[in-house]
């Protein structure tokens, strides 16, 4: 049961959301206590893991049709939908308790809102339109808001708005490339794909990468990332643009995956 629950919760993917929440903590001008950083990491990771589990319950019919997902515990019958729902619910409740216990009411409320959007808007929309990822990216941009509010930050502060906006921009090419990689799987499951001309090498994709790259440069420009971390951080968006125009999709996908970690590292180095 433990092994199946671990596969259901997808801890590595959930941890990326937790790391993004840490970015929000590290933005705090007066610095964040280690207890708040740990709480943000743990709470958001648990919420993301629980959300992933409930998403798999809702999409178990699709997962059975796709090569990359048919070995998940629900399609294989290793877990029942009821058991998976219970595991996901426990993870979500644990995450909310952690966030409420350290940050008051706002962090868990934001987390609940993100989960409701992800499961109530994105998951059903995924079956209807390829543009569903534009909606799904909203919930993926929320973790830094949780980390920021747990330190007492205001949601209208331009720094957290910029970081959350960058995470939104980052997710689109990331999942775009993922869709291109598994296009046959999506067709097999009957999920809508982007139009044939809209590929990783298309002008609209390059424009999006360019917008994301330009946005990342705003962090050093506004002093959000500075010191010794700034030069290396500025080199990252330039690398993305070069990879996008060279059509090195594998390298571009791998580089995009590093962005949340790179941002957290850069914010940590200037503390």
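From the backbone N, Cα and C atoms, a Cβ is placed for every residue, glycine too.
Bear in mind that the values here come from a model prediction, so they are computed numbers and not experimental data.
Swiss-Prot lists 31-51 (among others) with the feature transmembrane segment, giving sequence analysis as the kind of evidence.
Long-range contacts of the transmembrane segment (79-101) within the same chain: residues 4-5, 8-9, 39-40, 42-47, 49-54, 56-57, 60, 73, 107-108, 111-112, 115, 146, 150, each at least 6 residues beyond the stretch ends and with a Cβ under 8 Å from a Cβ of the stretch. Swiss-Prot lists 79-101 (among others) with the feature transmembrane segment.
According to Swiss-Prot, the transmembrane segment annotation covers 105-122 (among others), on the basis of sequence analysis.
Taken from Swiss-Prot, the feature transmembrane segment applies to 133-153 (among others), supported by sequence analysis.
As annotated by Swiss-Prot, transmembrane segment applies to 160-180 (among others), with the evidence given as sequence analysis.
If you look up Swiss-Prot, you'll see 190-212 (among others) marked as transmembrane segment.
Swiss-Prot lists 228-248 (among others) with the feature transmembrane segment, giving sequence analysis as the kind of evidence.
Annotation source Swiss-Prot lists transmembrane segment at 249-269 (among others).
Within its own chain, the transmembrane segment (105-122) is flanked in space by residues 40, 43-44, 47, 50-51, 54-55, 58, 92, 95-96, 99, 132, 135-136, 138-139, 142-143, 145-146, 149-150, which lie at least six positions past its ends and keep a Cβ under 8 Å from the stretch.
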